[in-house]
Amino acid sequence: MNAQIWEGHLIGQGLRFGIVVGRFNEFITHRLLGGALDALQRHGVEESAVHVAYVPGAFEIPFAAKRLMQSGRFDAVITLGAVIRGSTPHFEYVSSEVAKGVANLSLQAEIPVIFGVLTTDTIEQAIERAGTKAGNKGWEAAVSAIEMANLNRSLQNLG
């Protein structure tokens, strides 16, 4: 059988990205953004093709992501934030609603909306995922955005 296969390539030239970053837990989110920007640059994305919107915290990420998505200016939107468990149920509410919000946007969007929001039990886990032992999830989100933006372009030609 000769199945038609579509894959997104990891070439960022000519692509435009919007990034939404939650400022809460900024020590972590700053590192996630740094990883994302580095990945985009290393994959050929022009600096002028990247726009960053800061929001107060993770809960506000879906709203800003929706506005970027609706602008028609971007090939993908990347969401970055950090929700770290505390001693109250607040963690469950915020992490759940942010994930739902970004997932809903992703299903409605004509462009990829990438989830790069950390939800961890401890600050140490967040640090590990923002550039130490477990890599940088901002970098990974940016690479996923490049791949999905290219895949989206290929799939748009299905007619």
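Cβ atoms are placed via backbone N, Cα and C, with glycine included.
TrEMBL does not curate its annotations; it predicts them automatically.
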With A58, F59, E60, A82, V83, I84, F115 listed by TrEMBL as binding 5-amino-6-(D-ribitylamino)uracil, identify the candidate in F24, F74 belonging to that site. F24
Rounded to a whole number of Å, the separation of the Cα atoms of V83 (5-amino-6-(D-ribitylamino)uracil binding site) and H90 (active site, proton donor) comes to 10
List the residues of the same chain that sit at least 6 positions away from A82 (5-amino-6-(D-ribitylamino)uracil binding site) in sequence and have their Cβ under 8 Å from its Cβ, in sequence order, or write 'none'. G22, F24, N25, I28, T29, L32, A58, V117, L118, T120, A126, A130
Between T88 ((2S)-2-hydroxy-3-oxobutyl phosphate binding site) and E60 (5-amino-6-(D-ribitylamino)uracil binding site), how many Å separate their Cα atoms? 20
